[in-house]
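See structure below.
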Amino acid sequence: MLKLLSEIGPVIAFFAGFFYGGGIQNATLYMLITSVICITLCYIIDKKVSKLSIISTTVLLVSGSITLISGDSMYIKIKPTILYVIFGIIFLMSGIRKTPFIKYALESIVRLKEESWITLSYRTAAFFFFMAVVNEIVWRNFSDETWVKFKVFGIIPITFIFIVLQLPLLLKNKLPDSKI
């Protein structure tokens, strides 16, 4: 539950900051503060923070700080693109190297044949590259308000759809002792 809150909390803070706190600068500030609080709580309670959370928070702190200092919202808008490309590269390289990173993230939930982890790595890489392109299209062609709404109400459903589309692969290739 804490991990879910640490992922969703900053997004909710960003949305609330934008629509109720006076725009993208305040939204960025609220998201930065919430992210630092969430990652700190994760560390205090779980005594660990995932590498992806560290990467995500670091990119957020850099892009968010530049946004606040410069007053230019472009930097916070390219943060998702940067993260999606980084994650896409991580999953692509782990597939190429036959050491699927996604296996370590999901192995406690589902156990799969090794070749299925590789396939899932490539699919996840493609998803992240696709999301990078979509983010670029939205922030470059639409208003701040549209981008914020997309960030909150578009990315989550798209991600959910991607996950659902992976279920046939997971169910077909799961090992007998898998939890799903």
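Easy rule for this one: first residue shown is 1, then count along the chain.
Every residue gets a Cβ built from N, Cα and C, even glycine.
These come from Swiss-Prot:
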TRANSMEM  25-45  transmembrane segment
TRANSMEM  49-69  transmembrane segment
TRANSMEM  76-96  transmembrane segment
TRANSMEM  118-138  transmembrane segment
TRANSMEM  150-170  transmembrane segment
Highest-contact recorded stretch vs the transmembrane segment (150-170), from 49-69, 76-96, 118-138, CB pairs under 8 Å: 118-138
Per the Cβ under 8 Å criterion, with at least 6 residues separating them from its ends, the transmembrane segment (76-96) contacts 24, 28, 52, 55-56, 59-60, 63-64, 67, 102, 118, 121-122, 124-129, 131-132, 135-136, 139, 147, 151, 155
Which residues, given as numbers and ranges, are at least 6 beyond the ends of the transmembrane segment (49-69) yet have a Cβ under 8 Å from it? 6, 10, 24-25, 28-29, 31-32, 35-36, 39, 42-43, 75-76, 78-79, 82-83, 86-87, 105
